[in-house]
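Peer 1: The structure that follows is given in the form of structure tokens.
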Amino acid sequence: MKRFVYINDDDLSHDLYCDNRISNRKYTLLNFLPKNLWEQFSRFMNQYFLLIACLQLWPLITPVNPASTWGPLIFIFAVSATKEGWDDYCRYLSDKKANEKEVWVVRQGSKKLIQAQEIYVGNLVWLRENDEVPCDLILLGTSEPQGVCYVETAALDGETDLKTRSIPPACMGIDSELLHKIKGVIECPTPDKDIRRFDANLRLFPPFLDNDVCPLTIKNTILQSCYLRNTDWACGVAVYTGNETKLGMCRGVAEPKLTAMDAMIDKLTGAIFIFQIVVVIVLGIAGNIWKDTEARKHWYVLYPKEGPWYELLIIPLRFELLCSIMIPISIKVSLDLVKSLYAKFIDWDKQMFDVETGTSANATNTAISEDLGQVEYILTDKTGTLTENKMIFKRCCIAGTFFGNENGDAVKDVELLNAINTGSPDATRFLTVMAICNTVIPIKSSSGIVSYKAQSQDEEALVRAAASMHMSFVNKNSNILDIDFNGSLIQYEVLDYLEFTSDRKRMSVVVRDCASRKIFLLSKGADEAILPCAHAGHQTKTFSEAVDQYAQMGLRTLCLAWREINEIEYQDWSSMFKEANSTLVDREWRVAEVCQRLEHDLEILGVAAIEDRLQDGVPETIETLRKAGINFWMLTGDKQNTAIQIALSCNFVSPEPKGQLLLINGKSEDEVCRNLERVLLTMRITKAEPKDVAFVIDGWALEIALKYYRKQFTELAILSRTAICCRVTPSQKAQLVELLKSCDYRTLAIGDGGNDVRMIQQADIGVGISGREGLQAARAADYSIGKFRFLKRLILVHGRYSYNRTAFLSQYSFYKSLLICFIQIFFSFVSGISGTSLFNSVSLMAYNVFYTSIPVLVSVLDKDLNEKTVMQHPQILFYCQAGRLLNPTTFAGWFGRALFHAIVVFAITMHAYAFEKSEMEEVGMVALSGCVWLQAFVVAIETNSFTILQHLAIWGNLVVFYIINWIVSALPRSGMYTIMYRLVRQPAYWNTMFLIVAAGMGPVLALKYFRYTYRSSKINILQQAERLGGPILTLGNIEPQPRSLENDLAPMSISQSKNGRNSVFEPLLSDSPSAVRRSFGPGATFDFFQSPKSSSYPRNKDN
């Protein structure tokens, strides 16, 4: 699809396209209530609770006042709606501020000041220095004679370096006064979100120019939210406005990520729902039988002899309403609240503040913090993620001569400096390519000092190195480049840029020497992209050896080349290049094809080697996380040897003989197949040996493996703890993440650049580093950090604590609901199985909203171990990775606890107060009191670290319980009139509470004591060491379950789905040291606080 933009035509502008009003609002005043309710009721649980609430409006079947359900339901919906409404109001204020900014536009031949929201497509917009760009513009004129301007795109892509934008050639030379009258048409694509690409054509109408087509690229645009810098004024025509700008198209709500714990909670909720239906059916049938056989014998029951047709449904429906509280109505709101607090804890963590960049950690996604504690695979970029992305030119090879050594950089090499000073042609041409084959912008200060703004750190390093060796790039005036070489000024005219792409892996520039009028092609890029383009007979062996040698040192390499082009060849090629740039369909592919026609018969000048140092703490971080059972994959676009050296230096893999690297190379299917089979065979043989084995694969082989041998490659991914993937593209990074996710592993992807965004968004957890490549990765990620080393704390501290706290909160929420429900069920057996409620409506409503919610919410402060212990012993993350605190077995433990406590409360209450001793309201209040007391002690014994706030919440909540009921007992119409007054004055009531707590908590405490003393887990041992304050001298081994990895892979090798995998579940009250993650080799033992063997890294499945 295309759109035609008519420049400076007010009549057509209003009718064809939208205005520039920005709207990120989700609601309006009119649709807020219905739309919000529709969204909330789109969830199954809310639909279920609404159905229950509606059934309670039927007086014939409701056992309690409808307010007991409607109250909490309305409260929860109101909380969610208020949050949504406030967020939307904040978006409205932000939109209003942007829409009402004043800008200058041309209307009817003169400039007018209007609001930004009144701009239409086709309007001419005038910007002054430091103005924010209100919409997407095609640049038509600037204050600079060269037709360029400088823009800051930090708000768009996070890159702080200034970028150059230029007016189309067709607009060169048009006077600023004539720009008011300019007319023409722009043929461009429909709006899209690609901020790196814009393929369009421009035709100016006479008298400005005839109808020649002028191609437009992204270099001719200035996009919304950028800022005009270092330029007095600029003029452009609006092509995309409002929500149709590229930035507006990028906005939107990201697809929500479902954590492993959320999935487990959904499964447990479904299981409870099925149990509830079974209970309702059984009690409904029993109730109808009792009614027909026994109830009609008692005159006081008042059952009619003949009932309506739906009589058989009344008792089951009453039990459905009575048992509906099995599923806690407040669980989602409670989880959302605590997850928001987890995110705030990350934001507030001062130990994750990067002093160097002034960057603090930030949690963009507040819903997945507990998944950090279950990470099994980390897929990481290299440059800027593991390294500093501060490039330093270290060594070079020019015409077969090596410069630079261990004692100094190449720029200080005496031999190289002598060659430059004596005018060596090879050295001069090498430095010339370094200085001008780039997109660097030189900026000269008032003091005459030249600084450089570059989009690539590699380019900046090369230009600075060339300047230090007397080949200084001092000025760029339109297409004229000024080079200062040993005090002499050399000028080159840039004719064409052949831009770098991830497919081409090289960039070139066509320049004309202003003195000799000769035309040259200067190229630089990866060795695999440059060396094959050398002219016939050119010896490239020395350069290949130089590339390999520098890669062995962990240096980044670039090959530099050039050739002279005759005028006729250039003119023929230039016409094809312009034609390719004028196409709107497949422009990028056609341009690449035309570029290849020129980039041949090159003379290889040499190899430049650039150092990119590791960030502080990277090796220690990787070593610690590997001890925690996390597997690492490095995905990089660098050369294989460079990636291997970096991997060795940052503890990705151990050096020989302890470690072993298995290479998978090849550019044909047969070759890749042979290598893959060889590596798989080696992996199967060595998987039980204490050897650190990793495989290395390049982009070519990876593409073939994923396309033709996906099953074998997936098996390799399961067997290997470490992988190094070289020369991979952004799409391949995302494919590898998807591959591991398809095997049901929890993945975390971390990167710092725009090429990592797809990988980050694809992973279960995306982490972006706010680096020198900008903020694109950080903005697309769920979490952003300043340095890689903070990942250790993010996972081990925040991830683990979040998992533990969520596991307790979710199961406790079910426990307290099941407790009250079981008591109701027991009461039905002494009330004629009629579905009568023991508790009044006010008590039920307050039970879920006030009495039991506050104590558990402060569990977000609980820490089973202090942070120092967690960081010193990362192996304890295994408990989270294996899902040891939330699974069907631990839930069964909480289910059994609820059933046992319900029996205790009901039996003691009925013995002390039932039958002729008290009225039913008193019995219900005694039972409710017993539940609240038990809740307090359950929370207390499950809390590991107490603070004043937790004590206030737990014990203060008991005080609040009595205050509320004291007040309610004073109300004659409450149904509880004087009840609490009478109960608290009776010694029997307090004796009953004591018996309930003693009988209910005694066995639980005994079981915990037995486990803590005789079957203590590694966490229990660490807790004891913390309390005693002594060192941990020895801890036994974890004896894994006999389990062969082949069981996971055969007979399908690798395509085993998670439903076919065995799982390990461990109840909360029986933390057995024998229950470990599932894929340890048979018969292997694992010393918990020693570095685990490569074969002993289990996989977390099917929690």
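A Cβ is built for glycine as well, from the same backbone N, Cα and C atoms used for every other residue.
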Peer 1: What range among 314-334, 692-712, 818-838 does TrEMBL describe as transmembrane segment?
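Peer 2: Feature transmembrane segment in TrEMBL: residues 818-838.
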Peer 1: So which of 268-290, 818-838, 844-861, 988-1010 has the most C-beta pairs under 8 Å when paired with the transmembrane segment (948-968)?
Peer 2: 844-861
Peer 1: May I have the DSSP-based helix, strand and coil counts for the residues of the domain 'P-type ATPase A' (99-163)?
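Peer 2: Counting residues by DSSP class gives 8 helix, 32 strand, 25 coil.
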Peer 1: How many other Cβ atoms are found within 10 Å of the Cβ atom of Gly637 (ATP binding site), counting all protein chains shown?
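Peer 2: Excluding its own Cβ, Gly637 (ATP binding site) sees 22 Cβ atoms within 10 Å.
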Peer 1: Where among 894-913, 925-941, 988-1010 do we find the most Cβ pairs under 8 Å to the transmembrane segment (844-861)?
Peer 2: 925-941
Peer 1: Cβ pairs under 8 Å only, please: of the recorded stretches 818-838, 894-913, 988-1010, which one is richest in them relative to the transmembrane segment (925-941)?
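Peer 2: Top-ranked stretch among 818-838, 894-913, 988-1010: 988-1010.
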Peer 1: What subset of the binding-site residues Asp381, Phe500, Arg556, Gly637, Arg727 lies within 10 angstroms of Asp752 (Mg(2+) binding site), using C-alpha positions?
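Peer 2: Final answer, ordered: Asp381.
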Peer 1: Go ahead and report the DSSP secondary structure tallies for the domain 'P-type ATPase N-terminal' (5-70): helix first, then strand, then coil.
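Peer 2: Split into helix, strand and coil, the domain 'P-type ATPase N-terminal' (5-70) gives 32 helix, 4 strand, 30 coil.
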Peer 1: Pick the one among the binding-site residues Thr383, Asn755 whose Cβ has the fewest other Cβ atoms within 10 Å in this structure.
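Peer 2: Candidates: the binding-site residues Thr383, Asn755. Fewest Cβ atoms within 10 Å: Asn755.
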Peer 1: Find, for the listed binding-site residues Arg556, Arg727, the residue with the lowest Cβ contact count at a 10 Å cut-off, counting only other Cβ atoms.
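Peer 2: Comparing Cβ neighbours within 10 Å for the binding-site residues Arg556, Arg727, Arg727 has the fewest.
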Peer 1: Taking the Cβ of Asp756 (Mg(2+) binding site) as the reference point, list residues of the same chain whose Cβ is under 8 angstroms away and which are at least six residues distant in sequence.
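Peer 2: Residues satisfying the criterion: Asp381, Thr385, Pro730, Lys733, Ala749, Ile750, Gly768, Ala777.
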